[in-house]
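Chemist: Take a look at this one; I'll ask things after.
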Amino acid sequence: MANVAVVGAQWGDEGKGKVVDWLSERADVVVRFQGGHNAGHTLVINGVTYKLSLLPSGVVRGKLSIIGNGVVIDPWALLAEIERIRAQGVEITPEVLKIAENACLILPLHAHLDKAREEASGTAKIGTTGRGIGPAYEDRVGRRAIRVCDLADEAVLKAKIATLLRHHNALLRGLGAAEVDGAELLAKLLDVAPKILPFADVVWQHLDEVRHTRKRVLFEGAQGAMLDVDHGTYPYVTSSNTVSGNAGTGSGVGPGQVGYVLGICKAYTTRVGEGPFPTELFDEIGKSIGERGHEFGTVTGRPRRCGWFDAVMVRQAVKVGGITGIALTKLDVLDGFKELKICTGYKLDGKVINHFPASMTGQANVEPIYEVIEGWSQSTRGVRSWKDLPATAIKYIRRIEELIEAPVALLSTSPEREDSILVHDPFAT
């Protein structure tokens, strides 16, 4: 039986929450495999809005939901999110939610360092959410992170805190920021430990059992391919691998278990924060797209930058992310425009190129080459059948498929989960 990995194919905020919820109804297990509470999913179910950051979308439907070892976890943020979702009537128990015991923690000192660095960077800032994601991943690869399993051993916590503070307090001193008190940090961790540890488990074993019983697993990615620490617009990226190759590594299964890779992208392009954005619109059209699409970050509330669909970027995401098919979202936002534009290539130093360059200079200087497509006046909002789409909307979709070299498997026409057109069932592969 096929598994499915859902990943972003742009700069995040593509509408993964709705698609994951739509698929999770038919999945047996939902797994988060990377990122932290810097990314958010908004789910709308029966008129009720749920905003999730760390919790896998499956919890809302009572499905076994796993936070994998590739996720960095702020335990206080996680507990606050659990209580908020419980207050909406959702039952969250250790039978429903399991956290990888080898997942690394985000501590208050990580957010402290994150903000101190951004302030010191001035105009060269990356535009992080300031929630400590990057510093937590640094500690993971630096082999000094505190992991979920460490919460059960006070002696280990004391030793690891001492190691952490030798590193972090030196950095903080250099930035002119206040140092961290070890005793205070230990007290906070000992207080939160009994609230987190009941959810801790050997999740790779559970996933292996699921594999042998041929149950369906949905791997839920955060952010998007162009925020990948290797393949994105470095250094304006997140601190983890967001592409599907990390679904296995970040959850404890082999790469062959990932299955169908569904890339999510909007019918236009958005980005939050700093970094290059070749098709960004600074005119009334860009403003209109932002207003129609309600383009504000789920977690940060920051307005998103808006622009035309960039087929070069999405095609690159398809290639490096192993994307099998695309879920195209927010088509309805483009209703009423007389003409639309699709970026089909870039000009750089007088030459035409068909990829997004790796260098910062190249990324900043590429000029989009546009193809103009006729728009449509008929509303597509809430359409649930391909035959009810305007002919020009279908033409727009088909052109996108040609340019990105991947088929549209799913089309979303509103935030409501049922307002979708299934072209190809990812679980049927």
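Just so you know, the numbers here start at 1 and follow the chain as drawn.
Even glycines carry a Cβ here, placed using N, Cα and C.
Note that the coordinates shown come from a computational prediction; the quantities given were computed from them, not determined experimentally.
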Chemist: Pick from R84, R86, R292, R302: which one does Swiss-Prot list with D13, E14, G15, K16, N38, A39, G40, H41, T129, R143, Q223, T238 for the same IMP site?
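Modeler: The candidate from R84, R86, R292, R302 that Swiss-Prot ties to IMP along with D13, E14, G15, K16, N38, A39, G40, H41, T129, R143, Q223, T238 is R302.
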Chemist: Count the other Cβ atoms sitting within 10 Å of the Cβ of P303 (substrate binding site), across every protein chain shown.
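Modeler: Excluding its own Cβ, the number within 10 Å is 14.
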Chemist: Please find, for D13, E14, G15, K16, N38, A39, G40, H41, T129, R143, Q223, T238, R302 as listed binding IMP, the greatest distance between any two Cα atoms, in Å.
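Modeler: For the residues that bind IMP, the greatest Cα distance is 34 Å.
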Chemist: Of the recorded positions D13, N38, Q223, P303, R304, which one sits closest to L331 (GTP binding site) when you measure Cα to Cα?
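Modeler: That would be D13, the closest of D13, N38, Q223, P303, R304 to L331 (GTP binding site).
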Chemist: Hey, of N38, H41, P303, R304, which of those recorded positions are within 10 Å of D13 (active site, proton acceptor), Cα to Cα?
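Modeler: H41, R304, listed in sequence order.
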Chemist: Counting distance between Cα atoms, which of the recorded positions G40, H41, T129, Q223, P303 is nearest G15 (GTP binding site)?
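Modeler: For G15 (GTP binding site), the spatially nearest of the recorded positions is H41.
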